[in-house]
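Database features, via TrEMBL:
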| type | residues | note |
| --- | --- | --- |
| TRANSMEM | 12-30 | transmembrane segment |
| TRANSMEM | 42-63 | transmembrane segment |
| TRANSMEM | 69-91 | transmembrane segment |
| TRANSMEM | 103-123 | transmembrane segment |
| TRANSMEM | 129-153 | transmembrane segment |
| TRANSMEM | 165-186 | transmembrane segment |
| TRANSMEM | 198-218 | transmembrane segment |
| TRANSMEM | 230-251 | transmembrane segment |
| TRANSMEM | 257-276 | transmembrane segment |
| TRANSMEM | 288-310 | transmembrane segment |
Amino acid sequence: MEGSRETTMETVLVKALSFILIILCAYALKRAGVFCKEDNRIVMKLILNVTLPAAVVAGFSGYTRDLSLVLAAFLGFGLNIVMMVAGYLAAFRKSREEQTFNIVNYSGYNIGTFAMPYLQSFLGNTGTIVASIFDAGNALMCTGLTYAFAAGFCGKQVERGPGAFAARLFASVPFDAYGIMLVLYMLDVHLPEPVYRIASAFGSGNAFLAMFMIGLAFELKLERDQVRDVVRALIIRFGCAAVFALGIYYLTPWSRTVRQTLALIVFAPVSAMTVINTQRCGGDTEKAGVISSLSILTSIVVITLLVIRWNLS
């Protein structure tokens, strides 16, 4: 038994180390001038339009339908709202600009380009399915609703109406993939096996590209007076995540694997959209970038420790 546990721990650590080395490799190549920060946009386009949607489709191969999992989409939506409120309260006595910054940067979960490829390596298709359903609700907030609320809160003009929001939402290829596969999942319709195999071939590079993109985007430029804000944001973010994880693991009726998956997901970094939305709201993008980068490092450590604790591999 002890030997099996050591083997599992070694497997987990090797997988985690491989992801960290990919991130460091990309960061080193950027520092050496082989790549520049702007190149991460090209990699992101490749991920969002090719490898991530393909990985989502491949992840639904051979599933057994459980309609209770649809509630995970509402969980993804609801936790975003909770974190928006937490961000606002953390800056309750501060300026409207700081409150807006917190609303944007405390909420959102980076599922597609971090949690999903990371979890898929440990939990296989179960991790992909649960993460996809959770991200369907999460994407509603990250893609438009969080920015719409924050922009209105700080007085920015934003295109309103369900038509404009739907256009932005369905322009997201990953969200379209989530939506289509979720409908098929609810109807218990399976695609032909060759479709899953082809999708798997396209999606096999998703984890590498996702970690490589993180390395290209990684930044740690921070002024001394910003340190307190960043530390407070991370403490509140991951403190709330710990509470969510405990509640999900001990209070929800799902199977142990699903509860573990969702408990891991809530420790995902902040959404990749936070820096973009911060810029659109006229906020401090450098501080937002540091929060995003440090949340990635924290997520890797916390999720890896939990995977070891639960003997997942």
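In case you wondered, yes, glycine gets a Cβ from its N, Cα and C as well.
For the transmembrane segment (230-251), the neighbouring stretch richest in Cβ pairs under 8 Å, chosen from 12-30, 42-63, 103-123, 129-153, 198-218, is 103-123. Within the same chain, residues 56, 59-60, 63, 69-70, 72-81, 84, 96, 99-100, 103-104, 107-109, 111-112, 115-116, 119-120, 160, 165, 168-169, 172, 174-175, 177-179, 181-182, 185, 258, 261-262, 265, 271, 273, 277, 280-281 sit at least 6 positions outside the transmembrane segment (129-153) and bring their C-beta atoms closer than 8 Å to a C-beta of that stretch.
Proximity of the transmembrane segment (12-30) to the transmembrane segment (198-218) is established through 3 or more Cβ-Cβ distances under 8 Å for residue pairs spaced 6 or more apart.
Relative to the transmembrane segment (165-186), the listed stretch 42-63 leads the set 42-63, 69-91, 198-218, 257-276, 288-310 in CB pairs under 8 A. Just going by CB pairs under 8 A, the stretch in 69-91, 198-218, 257-276, 288-310 that sits most against the transmembrane segment (42-63) is 198-218.
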